[in-house]
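Taking it in order: structure first as structure tokens, then the write-up.
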Amino acid sequence: MINFSLLTSIVLLASKVVGVSPSYNGLGLTPQMGWNNWNTFACNVSEDLLLSTVDRIAALGLRDIGYHYVILDDCWSDGRDSDGMLVPDSTKFPNGMKHVADYLHGKDFLFGMYSSAGEYTCAGYAGSLDHEEDDAAFFAKNEVDYLKYDNCYNRGQFGTPETSFNRYRAMSEALNKTERPIFYSLCNWGQDLTFYWGSGIANSWRISGDITAEFDRPDSRCPCDGDEYDCPYAGFHCSIMNILNKAAPMGQNAGVGGWNDLDCLEVGVGNLTDDEEKAHFSMWAIVKSAMVIGADVRNLKPSSFSIYSQASVLAINQDPAGAPAIRVWRRYVPETDQHGQGEVQLWSGPLDNGDRVVALLNGGAKERPMVAYLEDIFIDSFVGSEELSSTWNVYDLWANRIDDSTASQILVGNRTANGLLYNATQLSYADGLKANDTRLFGEKVGTIEPYGLLNVTVPAHGVGLFRLRRESRK
């Protein structure tokens, strides 16, 4: 049944944000990459944690591969002073936030901070509702480059798209007023159809409740399943597949300057298998989600480090076209896992240079052969089209992954990442793709003939991820 009241609110809201957005800031031309402390450390934050993490990210080559934002989440403040200005916790941050920003900037990182569009933050600290201009000035004064803006204790100011839009627009306008470029990342859990209005005021927006390090485990704390993209109660402890399925219809509302954020990466967090971590990283990359590390980078295992440093996958995420892949089909399979879950999916999306990304995702409990036909990969093409009548070379985007032995040597300091990992600081992903840098294209593993198919074997809870390149005609 169509909710005409809700539809009317959306139409009215859209009419207000058509054209040049007042919050457009020139940021977010590709999805943000970085690190956030929450998934591993929660409220256990400090100056030492941030600075030691920065040093580690740089030493491992992860900064140069693209992880530039270091984002301090909740629990950093000690309330407000007599003038109503935010005060950092002097025990956790004895030198203040400007000192942290200076250190990060000196190491060629960007500094992110956190607040909430509510009376309090989610952990009960001072929120920014009705303090937007003062708090934006605080962030600008401390040379913050990124704001994650949460949704807790919002005084009931939600329920329609326009209500939530107005609450989040207040901080957007306050940030712009400072004239400092600050990436604005909404964290309202997809409430009130954020994907319809987020791009008018922000650079990214969360689409669901908080992620947990589970591949496809139902949890009553994340009450909406993956078919409910407009979830009235987002909750938390949402699995990877739950969030991915919620994201499936939303790609049409994201692009250059404004991205769907599927939450931080759980690679290296919890007990996901290697195939699950690869699938998680791959799917976040192709839907053009934020790629924000949620693990303790000071204690990464080799396999997780090699996933975070896989440039051929990151090149899909950072592709200048900014076109999220779409889910072409989704089918349930009888081989369910211990949680009763089992499905397979095909995803496909265009890339800037005419290539195509293809993902065959196996959410079932057993390894299985999977097939993708060209007419499904190019779902919008017609019989006789150039796409269907061409020959395509198939490149495996995980084939050139660094091995655990090499990753271990880098992690213990016996080998440098320089010259081994891709350096997007020296050569951007856009320029590397133009230059046909082989590190960004994977390894050729086959060919699809005109009107043909891709046939691969995909492990349980795993993915086959490929770049298709049109074969040159003689």
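One-based numbering along the chain as shown.
In case you wondered, yes, glycine gets a Cβ from its N, Cα and C as well.
Now, the feature entries from Swiss-Prot:
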SIGNAL    1-22  signal peptide
DISULFID  Cys43-Cys75  disulfide bond
CARBOHYD  Asn44  N-linked glycosylation site
BINDING   Asp73, Asp74, Lys148, Arg206, Gln252  substrate binding site
DISULFID  Cys122-Cys152  disulfide bond
ACT_SITE  Asp150  active site, nucleophile
CARBOHYD  Asn176  N-linked glycosylation site
ACT_SITE  Asp210  active site, proton donor
DISULFID  Cys222-Cys238  disulfide bond
DISULFID  Cys224-Cys231  disulfide bond
CARBOHYD  Asn271  N-linked glycosylation site
CARBOHYD  Asn414  N-linked glycosylation site
CARBOHYD  Asn423  N-linked glycosylation site
CARBOHYD  Asn436  N-linked glycosylation site
CARBOHYD  Asn455  N-linked glycosylation site
Subject >> Close recorded positions near Cys122 (disulfide bond), where close means Cα within 10 Å, chosen from Asp74, Lys148, Asp150, Arg206, Asp210, Gln252 >> reply: Asp74, Asp150
Original post:
Closest of the recorded positions to Asp74 (substrate binding site), Cα to Cα, picking from Asn44, Cys224, Cys231, Cys238, Asn271?
Top reply: Asn44
Subject >> Within 10 angstroms of Asp210 (active site, proton donor), Cα basis - recorded positions out of Asp150, Cys224, Asn414 >> reply: none
**OP:** List the Cα distance (Å, whole number) between Asn176 (N-linked glycosylation site) and Asn455 (N-linked glycosylation site).
**Re:** 50
Subject >> Cα-to-Cα gap, Cys222 (disulfide bond) vs Asn271 (N-linked glycosylation site), nearest whole Å >> reply: 19
Original post:
If you draw a 10 Å sphere around the Cβ of Lys148 (substrate binding site), how many other Cβ atoms fall inside it, taking every protein chain shown into account?
Top reply: 26
Subject >> Secondary structure of Asn176 (N-linked glycosylation site) (DSSP, helix/strand/coil) >> reply: helix
**OP:** Find, among the disulfide-bonded residues listed as Cys43, Cys152, Cys238, the one whose Cβ has the highest number of other Cβ atoms within 10 Å in the structure shown.
**Re:** Cys238
Subject >> Local Cβ density at Cys231 (disulfide bond) - other Cβ atoms counted within 10 Å >> reply: 22
Original post:
For the disulfide-bonded residues Cys75, Cys122, Cys222, Cys224, which Cβ has the most other Cβ atoms within 10 Å, all shown protein chains included?
Top reply: Cys222
Original post:
Do you know which of the recorded positions Asn44, Gln252, Asn423, Asn436 has the most other C-beta atoms within 10 angstroms of its C-beta?
Top reply: Asn423
Original post:
Which one is closest to Cys231 (disulfide bond) in space, judged by CA to CA distance, out of the recorded positions Asp73, Lys148, Asp150, Arg206, Gln252?
Top reply: Arg206
Subject >> Candidates Asp73, Arg206, Gln252 (binding-site residues) - the one closest to Asn436 (N-linked glycosylation site) by CA >> reply: Gln252
